[in-house]
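Participant: Handing you this structure, nothing more for now.
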Amino acid sequence: MAHLRLKRTKPSKLGFSVLVLSAIMWTTIFSLIPLYVSSSDFNITNITYINNTNNIVTLQEAIKSLASFSVSYMLPAGLTRKRATQSVTNRATTAASLQQAVGAPKGSISVTGIGSAAANSAKGRRRRDVQCDKTDTPGVAIIFDILLDYPQNLACQSLTCQVNLYTGIQEKFNAVTDVSIPSDDGTPLAIQLCHVESHTGGTNNNPQSSSGVVIQSCTIVCQNGGQCTDPITCGCTTGWAGDTCETAVCTNGCQNGGTCTAPDTCICATGWSGALCTI
C-alpha cells in the first residue's frame, strides 16, 4: 500500500494577526451592546431605582416626625415673688435665644406657640401637669412649641443632611439643661430643662399652647421645697403635701397613735416602736 505524505505548513504571521484583530473587534462589539439596550431590561437597575424611591419616602417621613416638637422648661424659683408680673410672648426673640443656646444654624428654629402648665414628677402628677423627666423640682413650666426649618444657605441640601441636622438639634435640646431667654421687657430669664416631647407625623397636639405666658406673683409661701404653680397653689416635692406643702407624707402610715413628722418618718406614742410604730 502506498503512503501519502502531506506537507505541514506553518500559519503565516499575517493570518495570525487577522485572527487576533477579529477577536478584539468582536469583544468590543459585545461589550458595547448594553449601552444601546433600554435600562428597563436590566433587573439590577430596576431594583436600585425602587430602593432609592423607598429611601426617599422613608427620609421624608423622618423629616416630618423630627420637625415638630415641644420643649418644657422650669421657671426659676422665686421669680414670681420678685416681680408682680412677668410676660413672655415674643416668639421671634425666644426662637433666636433657643437657637443660640443649642448651637443651631440661623433660621432653623421657629417658635409656633408659648404656653405654661404646672410641672411635677410622675408621682402625684395631675392630668394636665407636665411630667418633668429632666428634673424632680415642681413648679411652673413654660412650654415652647418648636418647628424646624432647613436653611437654604447650607452647603448640603440632600434629604440625608436634613435628617442629620434635625436629629442633631433634637439631641442638643435634650442635652442643654440651662437656657436663658428674654422676657418682653428685656429681662433675662434663667430656665431649666423639664421635658422634650416629639410630635409624631409633624402634628403639634399641645392643648396648652398659646400666644404667650403671663406669670403672676404668689400670694402664699410654699414650704419644704415646694414652688408656686399659680398665685394660690403650691407644687410640693416628694414626701410633702398640703396647700403650702406643710404636711409630711408617710407612705404606709404611722400606726398606734404614731405621728408622721417627715417623709416616711414616724414618731411613736409611748409604749410603741418600729418604723411604723407596730412593735
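Any Cβ shown, glycine's included, is placed from N, Cα and C.
So TrEMBL has the following annotated:
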DISULFID  Cys250-Cys260  disulfide bond
DISULFID  Cys268-Cys277  disulfide bond
DOMAIN    246-278  domain 'EGF-like'
TRANSMEM  14-37  transmembrane segment
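If you look at the structure here, what lies around each of the features I listed?
Facilitator: Sequence-distant neighbours of Cys250 (disulfide bond) (same chain, 6+ apart, CB under 8 A from its CB) are Cys260, Pro263, Asp264, Thr265, Cys266, Leu276.
Neighbour count (other Cβ atoms within 10 Å of the Cβ, all protein chains): 19 for Cys268 (disulfide bond).
Remote same-chain partners of the domain 'EGF-like' (246-278), defined as residues 6 or more beyond its termini with a Cβ less than 8 Å from a stretch Cβ, comprise 223-224, 238-240.
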Participant: Which residues, sitting 6 or more apart from Cys277 (disulfide bond) on the same chain, put a CB under 8 Å from its CB?
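Facilitator: Once residues fewer than 6 apart are set aside, Cys277 (disulfide bond) is near Cys254, Gln255, Asn256, Gly257, Gly258, Cys266, Cys268, Ala269.
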Participant: Counting across all protein chains shown, how many other Cβ atoms sit within 10 Å of the Cβ of Cys260 (disulfide bond)?
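Facilitator: Taking all protein chains shown, Cys260 (disulfide bond) has 17 Cβ neighbours within 10 Å.
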